[in-house]
Amino acid sequence: MIIVTGGAGFIGSNIVKSLNDLGRKDILVVDNLKDGTKFINLVDLDIADYCDKEDFIAQIIAGDDFGDIDAVFHEGACSATTEWDGKYIMHNNYEYSKELLHYCLDREIPFFYASSAATYGDKTEFVEERQFEGPLNVYGYSKFLFDQYVREILPNASSPVCGFKYFNVYGPREQHKGSMSSVAFHLNNQILKGENPKLFAGSEHFLRDFVYVGDVAAVNIWAWQNKISGIFNCGTGHAESFKAVAEAVIKHHGKGAIETIPFPDHLKSRYQEYTQADLTKLRAAGCNLKFKSVAEGVAEYMAWLNRK
């Protein structure tokens, strides 16, 4: 069996899809379906069982036997960079992850988890080392601290433990994320409503490493199949502008022109203006995946979003 936490969420459900594509259906999805709309991410996927995230962690802490587990993909977390309830974030993202990690270590179950480029904060070098990290929000801190925890245990781990610092992920199955959905998702909705796609003032200078979720899932599968340990960046290695995203959305629809709106005050000083994954470590580990460009990935995403 394979366990995917956050399996009804954005990246988790795409990992489930990739596992299905490999013929694996013996999957336990762990999630919180209080937001019932997330069920739609699982409708076209095949899984063996579902468990609520609180019931699951209680079983983990109790040391319950789930049978033979080939891998755990731990994608579940509160991923809202705008959430400032630190007690909630640290319990949900940090403490939960530690419990699950030790369960896997004790049983030599390969453990793959979601870190984040938010651990870098406003740094301009994106290398998977402590000196380049400095999160700007409590979400980023929760991910940073777990990375630090993993770094301490990695030398003595007898089974794979692998974290991925996800950069700006976009693609299918993110619709439930609301304001945290990708720019491509929001621009598509604006055009569907008959509006022009809107970007913040200065967006031509904001460069991000936009990575397609299908590629993110593929990197996770690669790490599992190759028994990889370590903490790695997961991005394309190329920064592109928000303008490039808007142009790709406009190209799909064949209409619309970019409108500029004022930059929100509440995001100032907490906004990453530039991200670009350094893939040196990932490539050295043997990952040769060709990541989609914004033009390629957004075109595929728009075709999926607007399918009839």
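Placed from the backbone N, Cα and C atoms, the Cβ positions cover glycine too.
Every protein chain considered, the tally of other Cβ atoms within 10 Å of the Cβ of Tyr139 (active site, proton acceptor) stands at 24. Here Swiss-Prot flags Tyr139 (among others) as active site, proton acceptor, drawing on sequence analysis.
Annotation source Swiss-Prot lists active site, proton acceptor at Lys177 (among others). Residue environment of Lys177 (active site, proton acceptor) contains 16 other Cβ atoms, counted within 10 Å of its Cβ in all protein chains.
According to Swiss-Prot, the feature NADP(+) binding site maps to 10-11, 31-32, Lys38, Lys53, 75-79, Asn92, Lys143, Val169, Lys177. Under the DSSP three-state reduction, Phe10 (NADP(+) binding site) is assigned to helix. When other Cβ atoms within 10 Å of the Cβ of Phe10 (NADP(+) binding site) are tallied across all protein chains shown, the result is 25.
Cβ contacts within 10 Å of Ala201 (substrate binding site), excluding its own Cβ and spanning all protein chains shown: 10. Here Swiss-Prot flags Asn168, Ser179, His186, Phe200, Ala201, Gly202, Ser203, Arg208, Tyr271 as substrate binding site.
The substrate site in the record is lined by Asn168, Ser179, His186, Phe200, Ala201, Gly202, Ser203, Arg208, Tyr271, and its two most distant CA atoms lie 20 Å apart. Using a 10 Å Cα-Cα cut-off from Lys38 (NADP(+) binding site), the recorded positions that qualify among Tyr139, Asn168, Lys177, Ala201, Tyr271 are Lys177. Using Ala77 (NADP(+) binding site) as the reference Cα, a 10 A cut-off selects none from the recorded positions Asn168, Lys177, His186, Ser203, Tyr271. Residue density at Asp31 (NADP(+) binding site): 25 other Cβ atoms are found within 10 A of its Cβ, drawing on all protein chains shown. Between the CA atoms of Asn168 (substrate binding site) and Ser79 (NADP(+) binding site) there is a gap of 12 Å.
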